[in-house]
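Below: the structure, in structure tokens.
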Amino acid sequence: MHTFLRSTALVVAGLSARALASIGPVTDFHIVNAAVSPDGFSRQAVLAEGVFPGPLIAGNKGDNFQINVIDELTNATMLKTTTIHWHGFFQHGTNWADGPAFINQCPIASGDSFLYNFQVPDQAGTFWYHSHLSTQYCDGLRGPFVVYDPADPYLDQYDVDDDSTVITLADWYHTAARLGSPFPAADTTLINGLGRCGEAGCPVSDLAVISVTKGKRYRFRLVSISCDSFFTFSIDGHSLNVIEVDATNHQPLTVDELTIYAGQRYSFILTADQDVDNYWIRANPGIGITTGFAGGINSAILRYDGADVVEPTTTQATSPVVLSESNLAPLTNAAAPGLPEVGGVDLALNFNLTFDGPSLKFQINGVTFVPPTVPVLLQILSGAQSAADLLPSGSVYALPSNATIELSLPAGALGGPHPFHLHGHTFSVVRPAGSTTYNYVNPVQRDVVSIGNTGDNVTIRFDTNNPGPWFLHCHIDWHLEAGFAVVFAEDIPDVASINPVPQDWSNLCPIYNALDASDH
């Protein structure tokens, strides 16, 4: 079990501790406002079940998840409506349950509820969930989600894989999203919901403690629930044997540290084979937060059973083996779709990604994404049959069915590196950041990819086997709010027949549209 050391004076009703007991696959899910102080600084937040991060939702491969989201939000300084995105799930046949506001649904009104009811027949691994309405998840509505596989091919290589081996990394903001600047700097790195602020005047807050027993092997599931910051992650004195990337099994790859971007996940096996002691867990942010580890910032503690209850004195590896995406290879079905050559696809798209300084907006092919007032899915169900008929104009791309798509995402837009996420799919990264070569044989497969820095031209491939409108966007939430997104309307003619919508979904828009703007 995780052990959290804390001063009760800094905790309001225990709300900043992550719930240790997982919930699901069938559950009510209350979204509430409450005060939390994960770094000793108290603020009002938007919380799932009253805790940050939200509780672990868990189930098994093949489960039917029925998550009844109950909106009890009342704080007018933050959004009162909400939606939830279940990040990484294909939602085949349930596009209406994917969650992005005004793409797949209207928001849930305060005082109302909505049942997300979806099957997970062929996926397992590490996922997460978060609000997908404006920048609401930066105010706290985010948490981990795990689907266990009883036939996991790595099952015999670890002894422990449970609630206690999930590690969340978050950036934390002392100011509510709607009250701050468009591109705020985070105040604190939180590991499993606890951390220390690096600014002058911040209290010395307690750190998360992850307990291990010498001799045991642990499958840790590392989840970036970040709004912006990416993190360089390591555990002093221990190597990380990576076996899963964004809910896809990969060939084992042993490293000392890895960089994880907003929305990404890794599973790694850690063998507790060092002396019984305390070891620093490090998550150094790339942007927005005070970097380094002075005073225990950006840190947590790996504590062996029997070790003294003290902070570690360990040091980082001086020449670490660093994870490179180019070295990751899927365990099965490794080949990229299409022909193993440049242009060997049915449709190739090249996006021009830019930032417009005067407007403080991002653009894809010259267009800033502005959410429509009618969800894209509802537009399709109401008869729109081409991209030209769909709003927002210039931001919807129609994709044919049963086709292989290649998408190039050249870096260079201000504020990078930008992590891009495609809903409804995993994709093959045939050209990762930092590489000038293409790998069609066994490229990493994932659902969030960093597009790197100026000069990079990250290229991905996927098959259109999932009818519906699917969001593609930068997972830095401030950048999404500034228009860094498009919608892929996949196989428009089959959307309605493949994705029958429940009546409660149809009721969402009339209820939302009747709200006063102050209740949004």
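Glycine is no exception: its Cβ is also placed from the backbone N, Cα and C atoms.
Values in this document were obtained by computation on a predicted structure and should not be read as measured data.
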Open item on the list: Quick check on the annotation: Swiss-Prot has His132, His473 binding Cu cation 3, so which of His30, His238, His423, His425 does it put in that site too?
Closed with: His423
TODO: Between Cys138, Cys197, Cys202, work out which one Swiss-Prot annotates as bonded to Cys227 by a disulfide.
DONE: Cys138
TODO: Determine, on the basis of Swiss-Prot, the cysteine among Cys106, Cys197 paired with Cys509 in a disulphide.
DONE: Cys106
Task: According to Swiss-Prot, which candidate in His174, His250, His418 joins Cys474, His479 at the Cu cation 4 site - done: His418
Open item on the list: Labelled N-linked glycosylation site in Swiss-Prot - which residue from Asn352, Asn457 would that be?
Closed with: Asn352
Task: Rounded distance in angstrom between the Cα atoms of His85 (Cu cation 1 binding site) and His475 (Cu cation 2 binding site) - done: 12
Task: Pairwise Cα distance for His87 (Cu cation 2 binding site)/Cys474 (Cu cation 4 binding site) [Å, integer] - done: 14
Open item on the list: I need the CA-to-CA distance for His421 (Cu cation 1 binding site) versus His473 (Cu cation 3 binding site), whole Å please.
Closed with: 6
Open item on the list: Roughly how many Å lie between the Cα atoms of His418 (Cu cation 4 binding site) and His130 (Cu cation 2 binding site), rounded to a whole value?
Closed with: 19
Task: Cα-to-Cα gap, His479 (Cu cation 4 binding site) vs His473 (Cu cation 3 binding site), nearest whole Å - done: 9
- [ ] Determine the Cβ neighbour count for His421 (Cu cation 1 binding site): the number of other Cβ atoms within 10 Å of its Cβ.
- [x] 24
